[in-house]
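All remarks here apply to the structure that follows.
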Amino acid sequence: MADRRTYNVVILGLGFLFIFTAFTTCGNVEQTIVKSLDNSTFTGSGYHSLGIIYGVFSFSNLIAPTAVKVIGAKVSMFLSGLLYSGYIAVFIIPSTWSFYLTSVLIGIGAALLWTAQGEFLIENSEASTINRNTGMFWALLQCSMLFGNLYIYLDWNGETDISESSRRNIFLFLLVASVLGTLSFLVLRKSHNEEEMLSEEEGQSLLSARTMYKSRANRALQDAKSEFKTILQLLKTKTILLLSPCMAYSGLELAFYSGVYGTCIGATTHFGEAAKGLIGISGIVVGVGEIVGGLLSSRKASSREARIESVPSDASGGGLFGLLCKNSRFRRTSVVFLGMVVHFIASYLIFLNIPGDAPIVLETTTQLSPYLNPSVSIALLCSFLLGLGDSCFNTQLYSILGHVYAEESMPAFAIFKFIQSVSAAVAFFYSGYLMLMWQLLLMVILGFTGTLCFFVVERMQDVFVDPQEY
């Protein structure tokens, strides 16, 4: 049984690794690809496409749990993988209508995919293995930012224009990766709980398949109604209201590092022939920042648990977070504060290093000059800081929601993803119109506000014993 569950978790992680190697790479370069198209009939925008994806994703999350419970996690992930593959395939022979249609479909598919992933991971875990299994899955997922972006660097380095053959080769590679990830879901084995449920249903010989699916749908609908009521109740709580700015900020910076910043680097004239290849390197460095941030955050969590259990060995190390966490007043706030600081540093350096018209330039290169002579080293440092800060904010938002709403974690996480996705969608839509400095200013203001609100919620943790009181 343990071997089967471990097998499922590894295959699940590999499936997501392949699919998101394709999707994250696509998101990183698609505005650059769209601008380079020599096609007078194509009028799409990469920013608008990503905005549609996140907008549809945010609302599809409301119905995804019901659909997954009816058709099953494995089938849901396979169908979602097909939608992801369809979106990638559009870039091989692009057309405006298919570009935007698949943007809507992949938004729906993303909601099904992530809902099914969570359910499948829980089904294949126990209390003693959930942390290990989650770590295995996320380690594989984070690697998705490395391989596709490495291909982009190797193929685009030294190129000033993206040729049609280069574009097709890249997206054929990404399509193969996405299809492999989708097919991997077919070799997932049934969990013990699923086998028990199927045996129970098969034992009811008087029930037809149609009746069984109808019964599942009715149960799922009742669960969805109950969860929706819980979501509405949680939206009125002081904790969710205070955390909303921080959640919204995580959406803005998600849009910036995953779709806008790479486009800015690729459009910077001062980088010359290296500009397009740097998009891939930037994506890789963002991924490294995410991984480092996750490791630091997990180390901080381990230090806090060790302190609570009065384990003396905590004093032996832990670096920055080990030092911060020795004082009991420093908890999640230490990580969020670090995330805010590194993001502010990154924003200031980007403001100085990248031309102001980089995100909105109609041609493939910028016309304005930044305050500093653009430096590749500074640009990549900012990529690392963006990934590090993103990991700091997201891990601690999940942590505080899981702590405060331990009995209602799923509705709380659904609210988080909804606010984050709506914010990301809005950010993608304005990214093609606002100069870089205004986009950075918006992120700084909301980031500062969100961090202060996060501190208030942490302070409330020290004052109130019962989390439902706030």
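Each Cβ is built from the backbone N, Cα and C atoms, and glycine gets one as well.
The transmembrane segment annotation in TrEMBL covers 7-25 (among others).
Here the transmembrane segment (45-63) has Cβ contacts under 8 Å with residues 27, 30-35, 99-100, 103-104, 106-108, 110-112, 115, 224, 228, 251, 255, 258-260, 263, 414, 417-418, 421-422, 424-429, 431-432 of the same chain, all six or more residues outside its ends. Taken from TrEMBL, the feature transmembrane segment applies to 45-63 (among others).
Sequence-distant contacts of the transmembrane segment (75-93), counting only residues of its own chain at least 6 positions beyond either end whose CB sits under 8 Å from a CB of the stretch, comprise 15, 19, 22-23, 26, 30, 33, 67-68, 99, 102-103, 105-106, 108-110, 112-113, 115-117, 120, 167-168, 171-172, 174-175, 178-179, 181-183, 185-186. Residues or ranges marked as transmembrane segment in TrEMBL: 75-93 (among others).
The transmembrane segment feature in TrEMBL is assigned to 99-116 (among others).
Positions annotated as transmembrane segment by TrEMBL: 137-154 (among others). Long-range Cβ contacts of the transmembrane segment (137-154) within its own chain (Cβ-Cβ under 8 Å, at least 6 residues beyond either end) map to 9-10, 12-14, 16-22, 24-26, 28-29, 117, 121, 170, 173-174, 177, 277-284, 286-287, 290-291, 294.
Residues or ranges marked as transmembrane segment in TrEMBL: 170-188 (among others).
Among residues of the same chain six or more beyond the transmembrane segment (239-257), those with a C-beta under 8 A of the stretch's C-beta atoms are 50, 54, 286, 336, 343, 383, 386-387, 389-390, 393-394, 397, 400-401, 404, 412, 415-416, 419-428, 431, 439, 442-443, 446-447, 449-451, 453-454, 456-457, 460, 467, 470. TrEMBL lists 239-257 (among others) with the feature transmembrane segment.
Within its own chain, the transmembrane segment (277-297) is flanked in space by residues 24-25, 28-29, 32, 138, 142-146, 148-154, 156-159, 257-258, 261-263, 265-266, 271, 319-321, 335, 339, 376, 379-380, 383-392, 395-396, 399, which lie at least six positions past its ends and keep a Cβ under 8 Å from the stretch. Residues annotated as transmembrane segment in TrEMBL: 277-297 (among others).
Beyond its flanks by at least six residues, the transmembrane segment (333-351) meets 246, 253, 261, 264, 293, 296-297, 300, 320-321, 324-325, 370-371, 378-379, 381-382, 385-386, 388-393, 395-396, 436-437, 440, 443-444, 447-448, 451, 454-455, 458 of its own chain at Cβ-Cβ distances under 8 Å. According to TrEMBL, the feature transmembrane segment maps to 333-351 (among others).
Look at TrEMBL and you will find 371-389 (among others) tagged as transmembrane segment.
Distant neighbours of the transmembrane segment (410-430): 47-48, 50-55, 57-59, 61-62, 65, 114, 227, 230-231, 234-235, 240, 243-244, 247-252, 254-256, 259-260, 397-398, 401-402, 404, 439; these residues of the same chain sit at least 6 beyond its ends, with a Cβ under 8 Å from one of its Cβ atoms. If you look up TrEMBL, you'll see 410-430 (among others) marked as transmembrane segment.
What TrEMBL lists as transmembrane segment is 436-457 (among others). Within its own chain, the transmembrane segment (436-457) has Cβ neighbours under 8 Å at 239, 242-250, 252-253, 256, 260, 264, 332-333, 336-337, 339-340, 343-344, 347, 350-351, 354-359, 393, 396, 400, 404, 427, 430, counting only residues six or more beyond its boundaries.
Only residues 6 or more beyond the boundaries of the transmembrane segment (371-389), in the same chain, are considered here, and those with a CB under 8 A from a CB of the stretch are 253, 256-257, 261, 265, 268, 270-271, 274, 278, 281-283, 285-293, 338-340, 342-343, 345-346, 349-355. Non-local neighbours of the transmembrane segment (7-25) in the same chain are 77, 81, 84-85, 87-88, 113, 117, 120-121, 124-125, 133, 136-137, 139-141, 143-145, 147-149, 151-152, 174-175, 177-178, 180-182, 184-185, 187-189, 191, 258, 283; each lies 6+ residues outside the stretch with a CB under 8 Å from one of its CB atoms.
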